[in-house]
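Sequence annotations record features per position, and here Swiss-Prot assigns (6S)-5,6,7,8-tetrahydrofolate binding site to Leu117, Gly121, His122, Leu123, Glu242 based on sequence analysis. Under the heading N6-(pyridoxal phosphate)lysine, Swiss-Prot lists Lys226. Marked as site 'Plays an important role in substrate specificity' by Swiss-Prot on the basis of sequence analysis: His225.
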Amino acid sequence: MAILAETDPVVYRLIQQELNRQRDHLEMIASENFTSPAVLAAQGSVLTNKYAEGLPGKRYYGGCEFIDEIEQLAIDRAKQLFGAAHANVQPHSGAQANFAVFLALLQPGDTIMGMDLSHGGHLTHGSPVNVSGKWFRVVHYGVHPQTERIDFDQVRDLALQHRPKLIICGYSAYPRAIDFAAFRTIADEVGAYLLADIAHIAGLVATGHHPNPVPLCDVVTTTTHKTLRGPRGGLILTRDPELGKKLDKAVFPGSQGGPLEHVIAGKAVAFGEALQPSFAQYSAQVIANAQALAGSLQRRGIRLVSGGTDNHLMLLDLRSVSAVLEKTGAADPVMTGKRADRLMGKIHITANKNTIPFDPQPPFVASGLRLGSPALTTRGLGPVEFEEIGEIIADCLFQPEEPAVLEECRQRVAQLCRRFPLYPHLG
């Protein structure tokens, strides 16, 4: 970084400030993680200089012989990691991966089914503000009002009624394991393609800690960060080589130009890391830590959507906090996601407000707080520390108007950050 400090001290200073923020805060956004120094090095390499439109061995530019080897390595490792027959490592993001699938399989006006965003779905699964909700006729399914788990009776009824061409499973705020076989049965009954978006759980899937959708779904998409702990990017997988050819064309030239080969190198490194036994241990720890945090919060009387978690994330139903604040006579007894998000920021915990199923609050206020364990697990924290974090969060939420309590919480967070340093090699 010395050359950057000399050439552009303003950008260097801002990067250092962001590094310090990451070091001094407990990162609990479920979709974030800390990638390895090796991935950082690959992304910051001379590969960023090279244009490489096309696929390995089929480029539109010369000088791609080493680029081809790197991209093919990423492809081969991705296929091995997930047991896929075909992989495309070029999508710039998970959203780009999903768009390419739509381009390959659908025509404008076709019907698609995806989970309602407020129940844990994703913008790219048919939200009206996203291109997926503008180009296609969208039918949303959700969770059961009692169990807060996927309502498969509703999914089947809607599928039979609307006959979608594509059914999407996989979510951004769903704390339970996904029954891909049940979705396959419904998709077959109505003749629909089945897409699994495993952006949040890819690392757990790759290590056998969540069922693998590749053998059951027509297409699988994912991001390469989150639980996979790679660079920010996308990935498309399929068990069908012929379908893979259509997907490749939908990526290039269908929806992208030149691939980001420095990021693809980072993906190759991350996939290689994920193939090591230590990564399977990491994934198991992610789940154990999430369950330790969930138990700690529940013991303090905080309700979790669906009653807990099977994966790396959980949703706090903050109405349970509001009920306690009202009983104790708090000046402001309403704890919303927006308010909780800001409180977490004050004590240096990074989280995000989130809607919960059947949420009475608007999305920008929300009644939920989403927490995840991947980043802090990477940092080395274990179940004991996650239980302590649960206590810190509960103290903060139940005493939001006590400056002394908030300061004590912030100091406890600072102590944890000092015990588990982040990127010490970066100076």
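Glycine residues also receive a Cβ, built from the backbone N, Cα and C atoms like all the rest.
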Among His122, His225, Lys226, the one of these recorded positions whose Cβ has the fewest neighbouring Cβ atoms within 10 Å: His122
Number of Cβ atoms other than its own within 10 Å, given for Leu123 ((6S)-5,6,7,8-tetrahydrofolate binding site): 16
Max pairwise CA distance, angstrom, over record-listed (6S)-5,6,7,8-tetrahydrofolate binders Leu117, Gly121, His122, Leu123, Glu242: 32
Lowest local Cβ density among Leu117, Gly121, Glu242, which the record lists as binding-site residues, within 10 Å: Glu242
